[in-house]
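Trainee: What Swiss-Prot shows for this protein is this:
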- 8-243: domain 'ABC transporter 1' (DOMAIN)
- Gly40, Glu41, Asn42, Gly43, Ala44, Gly45, Lys46, Ser47: ATP binding site (BINDING)
- 253-497: domain 'ABC transporter 2' (DOMAIN)
Amino acid sequence: MTATASALRMRGISKIFPGVKALSNVNFTVEYGRIHAVVGENGAGKSTLMKILSGSYAPTTGTTEIAGVEVQMRRPADAQKLGIRMVHQELNLVPDLTVAENIYLGRMPHRRFLVDRQAMLRKAAAVLKELEAAIDPKARLGDLPISQQQLVEIAKSYSADPRIIVLDEPTSSLSEHETTALFSILRKMKSQGIAIIYISHRLKEVLDIADDVTILRDGSMIDTRPAAGITAAEMIRLMVGREVANVFPKTPSKIGPVAFKVTGLSDGEKFHDVGFDVRSGEILGLTGLVGAGRTEVAQAIFGLAPLATGRIEINGKAVTIGSPAAAVKAGVAYVPEDRKGDGIVPSMSVRENISLPVLRRLSRLGRIGMSRDRGLAAKYTRDFSIVPPDPERRINLLSGGNQQKAIISRWLAAGPKVLILDEPTRGVDVGAKAEIHRIIGELVAGGMAVVMISSELPEVMGVCDRVVVMRDGRASSPIARGDLTEERIMALATGEEPA
């Protein structure tokens with residue numbers, strides 16, 4: 001290592017899969033003590049480049065240098081030995097283990113051939129304290145909200161004394177306050193000389209936190225610039241190869257009578273006395289800080305969690321929903337926040353994932369009619385522009401945006417009256433986000449009632465007809481589209497303005 005050596009220098013990196021050139025002659029350099037953002041649409045090559053850096057893929061051509069020394073990484077363990085750590089968007093943790101056990105999994109301290117649990121707890125507590133994360137190291141990981149699990153994942157990487165740390169969409173599950181806290185952690189790491197690679201679709205955050213920005217498009221490196229010398233609009237133009245006039249277009253729709261109404265919903269713990277209604281042809285936004293109870297309300301409406309009190313009405317008639325099957329029968333569909341854990345079945349094809357809720361309808365005498373099954377999948381693959389347009393492809397091989405379109409297709413196949421979408425554009429690029437907004441717009445134009453949970457305020461304000469803000473398990477009165485401002489939403493979410 002020389003005094004002026006870069007933390008990372010990848011030269012001429014190409015990666016060819018059968019029939020696909022995922023990366024083409026990419027040059028990528030990252031310096032110690034700097035935060036380097038990588039942006040691009042899904043399919044631009046970000047994941048492939050990071051998988052090469054982390055040792056999961058070998059490049060077809062090209063070289064990688066760490067601290068001025070050329071290295072070859074044939075497996076993730078090789079990258080880890082070189083001080084490279086990855087924090088994935090889809091968390092790589094064990095829910096049934098404690099926070100401390102997750103942080104030190106695979107490298108727990110031992111004493112006389114046994115795990116030294118007290119030493120492990122002390123070390124975990126010290127790491128969490130250094131990162132200013134108020135998390136009990138003895139807590140079961142699965143009992144924590146996703147936002148705190150994300151911080152545990154970061155603590156796990158930080159505890160390994162990394163030289164280079166890669167964060168993939170690290171704020172996708174965090175509130176604005178938690179994002180600010182994370183940025184404080186990243187700046188502390190930066191001050192310690194750690195090289196940080198920051199992958200995100202949230203361009204405002206990229207400009208807030210990054211020192212440098214690299215834009216990828218179609219497997220090629222388009223540009224690298226200081227973050228201070230580029231705007232979000234320029235990044236979008238370079239990412240997609242065109243000007244994007246309106247990231248959140250509002251599709252006109254005819255708003256009809258109340259199609260869905262909830263009154264006095266409470267689970268006795270995480271949300272209390274929640275009420276709102278949605279009209280046919282309307283998008284009702286449900287926003288607030290992470291932990292405000294939005295997802296818990298949606299899960300209870302869909303029958304995934306019990307209600308202590310409350311009334312649910314569809315088209316003016318009270319319905320009882322005690323399970324997801326009962327919800328689907330009543331005409332309610334729910335697209336969950338956690339695509340990987342609760343949405344897709346990774347081992348199944350796109351066709352099989354789309355058909356799951358309607359297998360009985362597609363079957364005759366207990367046997368599935370394959371022509372009807374294939375026809376249904378082909379229709380949604382075509383209508384929703386799922387890429388690649390192959391219903392037999394395993395769904396886990398698709399980008400996040402295309403997986404999300406397949407999940408939405410699944411529930412539309414069930415013919416719902418009400419569609420609840422929980423963070424539908426979380427972790428997808430601008431192009432996929434626009435496609436998902438187009439789909440939602442077409443649904444409400446056709447008369448469907450949509451409840452959209454989102455933490456992204458520009459999205460809420462751009463797409464929704466009315467917005468309900470949740471704080472500490474309670475819901476505000478709905479705010480009409482014309483009265484929406486980011487300041488008002490945040491004031492309600494933080495308690496600065498009474499609900």
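Yeah, the Cβs are placed from backbone N, Cα and C, and that goes for glycine too.
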Trainee: Averaged across the domain 'ABC transporter 2' (253-497), what pLDDT does the model get? Just tell me the whole number, please.
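Mentor: Computed over the domain 'ABC transporter 2' (253-497), the mean pLDDT is 85 on the 0 to 100 scale.
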Trainee: With the cut-off set at 10 Å between Cβ atoms, which of these binding-site residues ends up with the most neighbours? Options: Gly40, Gly43, Gly45.
Mentor: Gly40
Trainee: Only counting partners 6 or more residues apart, tell me which same-chain residues put their Cβ under 8 Å from the Cβ of Glu41 (ATP binding site).
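Mentor: Expected: Arg217, Met239, Val240, Asp429, Val430, Gly431, Ala432.
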Trainee: For a quick check of packing: other C-beta atoms within 10 Å of the C-beta of Ala44 (ATP binding site), how many?
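Mentor: Other Cβ atoms found within 10 Å: 26.
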Trainee: How many other Cβ atoms sit within 10 Å of the Cβ of Ser47 (ATP binding site)?
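Mentor: Its Cβ has 20 other Cβ atoms within 10 Å.
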